[in-house]
Amino acid sequence: MTSKKLVNSVAGCADDALAGLVACNPNLQLLQGHRVALRSDLDSLKGRVALLSGGGSGHEPAHAGFIGKGMLTGVIAGAVFTSPAVGSILAAIRAVAQAGTVGTLLIVKNYTGDRLNFGLAREQARAEGIPVEMVVIGDDSAFTVLKKAGRRGLCGTVLIHKVAGALAEAGVGLEEIAKQVNVVAKAMGTLGVSLSSCSVPGSKPTFELSADEVELGLGIHGEAGVRRIKMATADEIVKLMLDHMTNTTNASHVPVQPGSSVVMMVNNLGGLSFLELGIIADATVRSLEGRGVKIARALVGTFMSALEMPGISLTLLLVDEPLLKLIDAETTAAAWPNVAAVSITGRKRSRVAPAEPQEAPDSTAAGGSASKRMALVLERVCSTLLGLEEHLNALDRAAGDGDCGTTHSRAARAIQEWLKEGPPPASPAQLLSKLSVLLLEKMGGSSGALYGLFLTAAAQPLKAKTSLPAWSAAMDAGLEAMQKYGKAAPGDRTMLDSLWAAGQELQAWKSPGADLLQVLTKAVKSAEAAAEATKNMEAGAGRASYISSARLEQPDPGAVAAAAILRAILEVLQS
């Protein structure tokens, strides 16, 4: 079965892709009648060397993404994974020659079709009197024994574009550029690994891998690698790759040693997530520095892909200061990353976090009667939530991911562990603030954030007073914060429904002579009734709002949990 691709037609996909790049980049132009993209300011290159590269499409952003001042002059593209036509290569050479350039360097990846077609175009151009040189780049470090065809051209070719581009921009001559980039090419290596294959538009995947296998040492055309290995962690795979690339018994190894300075390139082969790319980059930095290698520059991104292949390649280039200046030279190429000219190794990568604000001393003695009462309340709340874990999870399965009970139990266990460390603060404001921090760190999910918001806001009115009116104001402040940031309102089938109903009853605490337990009892009953009523509501906020109301036949688990917490508080205060 062929894979799905967002194309207009299989036959025209390479042309459409190149046209799209040029349409969105005013620095590029198409060469009419050919699958060629050129700098739009060719006239500015008079008296300088032009740089042309290319190959099959499907490796984007290579190579057209690297056209620009300080990199390539133009690119000739073939169909997907197919070498470009000789006629188009020759047309590109003629176009840059007519613009007044003093010679053209062809930068070619080491594949038979590319060598033949670029080589033939070069000979035809030279027969016309156009000075043309060609460098063939092979940076593949997969094969331990060199084959007659030589090393394949991989992502390291992009570094050659950069070095050659900087030299050309500086006015260096054609033969000297060719000489220097040939030296640079011998100081680098690339190795790829993939979780699965890719598929050319209109075709099936090029190879199959089982679920527990990855392909090591594969090329950029979907061809199989040198061996298959068992799936492992990112750290383990990176170590294996670097071991292979630097093993001196490997005929295509990179001669990296402790003390070596390198440019490190982590390349997405097309289908890897940015999350995985970051993990691989971190693993590569740690592994190289653990070997005593200095990372002068780190390039992480998609440079040379293989369509949608979910894999990466690692490239190492040995550098000295003169070569590093060429890597750092300015370029306008759209796909080249804007990397700071600063060494990665030796750089301070973290800063000390700001200290927590100093708390005022607890106004009531820790371990006193008020503190003990606080501990009893918290213990009852925790045991209540732990007892409700499975019930809340069952309620949550209808509208969420079935973890509401687990989330509340995680909070309960965190509070229990905290209580083992010593008596809680007797100051209500300090207690709520500490609980807020604890729940934000340990509870997780939206519930942790909402309870954290509620408690942080509720603590503020209690800093100056702890009277019943202050507690009512604390409830108001907590509810306001939940509504402001959670975007829920009463009637939206959330925990706010229970808390809001209780908050309305607690307004009575603001009246002179109000009785704590009488008012709180009414508040708890209202919260429980509101929680039960949520089963008849259509969700207006949270994950449940994306679920059909026909499936919401049970009370909202968050509302049930909030009412249960209030009931637990009341029971302790009544005892």
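Cβ coordinates are placed from backbone N, Cα and C, and glycine is handled just like the others.
Swiss-Prot annotates Asp401, Gly402, Asp403, Cys404, Ser446, Ser447, Thr494, Met495, Asp556, Pro557, Gly558 as ATP-binding residues; of Gly486, Gly503, the candidate listed for that same site is Gly486. From Ser44, Ser203, Ser252, Ser350, the position flagged in Swiss-Prot as phosphoserine is Ser350. In Swiss-Prot, the feature phosphoserine is attached to one residue out of Ser83, Ser511, namely Ser511. For Ser446 (ATP binding site), the nearest neighbour among the recorded positions Gly58, Lys109, Asp114, His221, Ser350, judged by Cα separation, is Ser350. Following the DSSP three-state reduction, the secondary structure of Ser446 (ATP binding site) is helix. Remark: Gly56 (dihydroxyacetone binding site) has Ala77, Gly78, Ala79, Val80, Phe81, Thr82, Ser83, Pro84, His221 as non-local neighbours, by Cβ distance under 8 Å and separation of at least 6 in sequence. The record gives Gly56, Ser57, Gly58, His59, Lys109, Asp114 for dihydroxyacetone. Within 8 Å of the mean position of their Cβ atoms, the other Cβ atoms in that chain belong to Gly54, Gly55, Ala62, His63, Ala77, Gly78, Val80, Phe81, Thr82, Ser83, Ile220, His221.
Ranking the binding-site residues Ser57, His59, Asp401, Asp403, Pro557 by Cα distance from Ser511 (phosphoserine) puts Pro557 first.
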